[in-house]
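Features reported for this protein in Swiss-Prot:
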type	residues	note
DNA_BIND	18-57	DNA-binding region
BINDING	Gly92, Val93, Gly94, His95, Leu96, Gly97	NAD(+) binding site
Amino acid sequence: MNGPDTKIPQATAKRLPLYYRFIQSLYNSGKLRVSSAELSEAVKVDSATIRRDFSYFGALGKKGYGYNVQHLLTFFRKTLNQDEVTNVALIGVGHLGTAFANYNFLKNNSTRIVIAFDADEDKVGTTTQDVPIYHVSDMKEQIKANHVDVAILTVPSQFAQSVADELVEYGVTGILNFTPARLNVPAHVRVHHIDLSIELQSLVYFMKHYSQSAEGVKS
């Protein structure tokens, strides 16, 4: 078992929320235990990978028994800080930004969009799904007032870096970047780049060049 300060592989870390969501659904349905094979079928991750992921955290299950659902749920809630709410700011309330506001992490009680920003004066002063929209010039004051740690960036790509610079200056330490721009940020700031056009091109490439006959290709 790794120590509490040991960092697990990033690929494993990215799968933890996936495991948590399924375990939560099992718990809500009244299921008491689950096998790695059942987990594998549900989340489309092979059993060996699941067992390896879980091994980083010690003995989460028992051979021949599987995993206790309530124990797993408690573990993942603690590991993923599900009892702590992370406030998120939405920067850019266009079509994509509005979709995020409408969704607002309905299946995740630990993150919520609390504030949005846009340069369009017609949107400023309004709300979208109860999320107030402020002008981008108000970011400094409102991000600090709302204790925002994470920002979702859906602005035009030519403005992405300058907006990111401001966010970092105002104390944001995590950015989910949906623009094509590759952001330069300090080492203490985490950025996840999600370029939908690249994801689509990648999907088409894998469809054409990799066999789907076994268990499919998953990212």
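Every residue, even glycine, has its Cβ placed from backbone N, Cα and C.
Computed from a predicted structure; not experimentally measured.
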By a 10 Å Cβ neighbour count, the lowest-scoring of the binding-site residues Gly92, Gly94, Gly97 is Gly94
Taking the center of the Cβ atoms of Gly92, Val93, Gly94, His95, Leu96, Gly97 at the recorded NAD(+) site, which other residues in this chain have a Cβ no more than 8 Å from that point? Leu90, Thr98, Ala99, Phe100, Asp118, Thr154
For the DNA-binding region (18-57), what are the DSSP-based totals of helix, strand and coil residues? 28 helix, 2 strand, 10 coil
Please report the three-state DSSP label of Gly92 (NAD(+) binding site). coil
If you count, for each of the binding-site residues Val93, Leu96, the other Cβ atoms lying within 10 Å of its Cβ, which residue has the minimum? Leu96
Within 10 Å of the Cβ of His95 (NAD(+) binding site), how many other Cβ atoms can be counted across all chains shown? 8
